[in-house]
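J.: Please see the structure below; I have some questions.
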Amino acid sequence: MKEVSPAKAYALHLGVIALLFALSFVLPEYHHGLLARIMVLAVFAMGYNMLFGYVGLLSLGHAMFFSAGLYGAGLAVIHLGWSVPAAFAAGLACGALLALIIGVLALRTSGVAFMIVTMMFAQVFYLIILYFASWTGGDQGLVVPQSARVLVLGSTSLGLTNPTVRYMSALALFSIVLLVTLAVVRSRYGRVLVAIRENEERTKMLGYDTFSNKLAAVVVSGTICAASGAAYALLFGYVGSTFASVQYSILPLLWVLLGGAATTLGPLIGTLFMYYVVDITSGYTSAYLLIVGIALILLVLFFPKGILGTIRQRWLGWLP
Amino acid sequence: MHFGPHLLLAALEGLVTSAVLALTALGLSLVFGVMRVVNVAHGEFFMLGAVLAWAISTAISGHPSLGFLAALVLAPLIVGLIALVAERLVLRRLNYNPEATIVATIGMLYIIQQLALTFYGPEARPVEPPFSYRILLPWFGYSGYKLSIIAASALLLVATWFVLTRTKIGLVMRATQYDSETAQAFGIPVDRVYAGVFALGAMLAAVAAVLIVPISQAHYLMGQDPLLLSFIVVIIGGLGSLRGTVVAAVLIGLSDGIISVFFSPTLAKIIATLLVAMVLVFRPQGLFGTASR
């Protein structure tokens, strides 16, 4: 790993954020809405990347963390009438707690067993949502009422259904998570995580407690994914069990693989690219899962490092 | 109906599930045991078997048993061929890396599922059973075909066991499973063994699907439950152990049949999946398996 010049990296990330901010004023309405959604889902991918890219733990169950945030926030608004910030915090808390429990259990395994265990826990979570259909809306899902999706800041109240407010909220969340991720991966802790990915035994021998480092990574990753889910519920007003299905555990994996695992901006690029590919192809065919399948196979066969990973390897060694 | 006959009926239904499950899970277990590949697309090979069985049996006119027999032979062969192509084109190029192959087989899952939806459609279609003889028990009549599924599955399991333990092919497979590098050094074409095992695993799933399709129905999403249940069976039975797989399949099939008669199927699935996840966490070698190497 080459030495990263901090100024260059931060300038690049702030530039990306500024670009997304500027795009808000020039994009046509349809793409404006789409980009807001992509930014929220990119946060999901960034959370996934935290664990998959940096620690090398391939989870097939991250949909449960996303939907813990989704349902934590959504149900708090719908059933308890909580305000937006309180509901968002509830979503985060649900995700963090779930990640802690799952982490303690699943980290006893490794490799293939870790994948299967996370997939099974996510399946249990999905079935529980279906089982308590009277609370969660089951298959149909629930709509978060527009009247409740209002952010009150002092004397002003911002309706989250307003496109500009929605875009800016999504951008704010995205920027915070992006900068936090950058800070984490550049920190001492981030280097320990990469060391665990490269050689866990040797890291252990050097005196690091790999279990608690990995557990912390699962919790951070789960909380970021829950933040994405909570934001999705509050900004787009829909809470449904599809988001807990296996497919939504696979999608962040696909986005991260495409954009480049263990790159800070890879998740955004992967999500953006894949979302538009699916959006454009679904105009011609309903077979978008076919595209997802082919993309997965082509990626692992020919582009295991993804877009940014390849760029970093060939040209820009300093990319974080 | 009284409790006793009710339980007997549930147990019989459970045995039919077990019979099909044992075959499907054996395929998954062989592929994992020999190749160390977790085949997430296994359920889709099962689905393909059922869909092909429908296509073949409707294409052949005459007595339903003719079409069914043709399906029983042809559908697994076609599925095996598809698996062989997938193995050569994708898995081999990935060098059987465990994580990359999982991602790749997830890709295959989506491709096969979507192609089935496009060409076969979203309907669930029945296949006529080859015969419709009812066996009359004192309390209720029971489909003779369902009992013949149990017999056919038992026969196939014994045949697989015989091949694995008593023939040269089985010896070569076991040698590859035990230590592929040494096997290679002794002149075993490990590469071709892998291809054959992957095709064989898919064919076992396809046979199971052809057997079950006259009593369930062919549908493009029907691969999901067998996949999950096969995972459960393979994990509980211990990876690569044929006896463990069969015992676990009977255990899971019976309890699935009996639990879902008396409880909500969703609750049964929640409990089963959670229990299996816990087995994997606390006893990764399975309940019957020996410690993994």
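Just so you know, glycine gets a Cβ as well, placed from its N, Cα and C.
Quick paste of what TrEMBL says about this protein:
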type	residues	note
TRANSMEM	A:9-28	transmembrane segment
TRANSMEM	A:34-57	transmembrane segment
TRANSMEM	A:88-107	transmembrane segment
TRANSMEM	A:114-133	transmembrane segment
TRANSMEM	A:167-185	transmembrane segment
TRANSMEM	A:215-238	transmembrane segment
TRANSMEM	A:250-276	transmembrane segment
TRANSMEM	A:288-311	transmembrane segment
J.: Would you say the transmembrane segment (A:88-107) and the transmembrane segment (A:250-276) are in contact under the rule of three or more C-beta pairs closer than 8 Å, pairs 6 or more apart in sequence?
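T.: Counting Cβ pairs under 8 Å (6 or more apart in sequence), the transmembrane segment (A:250-276) does not reach the transmembrane segment (A:88-107), since there are fewer than 3.
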J.: Per the 3+ Cβ pairs under 8 Å rule, pairs at least 6 apart in sequence, do the transmembrane segment (A:88-107) and the transmembrane segment (A:215-238) touch?
T.: yes
J.: Applying the under-8 angstroms CB criterion, which one of A:34-57, A:215-238, A:288-311 scores highest with the transmembrane segment (A:167-185)?
T.: A:34-57
J.: Given a Cβ distance threshold of under 8 angstroms, which distant residues of the chain, six or more beyond its ends, lie next to the transmembrane segment (A:215-238)?
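T.: 36-37, 40-41, 43-44, 46-48, 50-51, 54-55, 57, 62, 65-74, 77, 84, 87-88, 90-92, 94-96, 98-100, 102-104, 106-107, 141-146, 149, 160-161, 166, 169-170, 173, 177, 181, 184, 189, 193, 252.
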J.: In the same chain, which residue numbers or ranges, 6 or more beyond the ends of the transmembrane segment (A:114-133), come under 8 angstroms Cβ to Cβ?
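T.: Distant Cβ neighbours of the transmembrane segment (A:114-133) are 57-64, 67-68, 71, 98, 102, 105-107, 139, 241, 244-246, 249.
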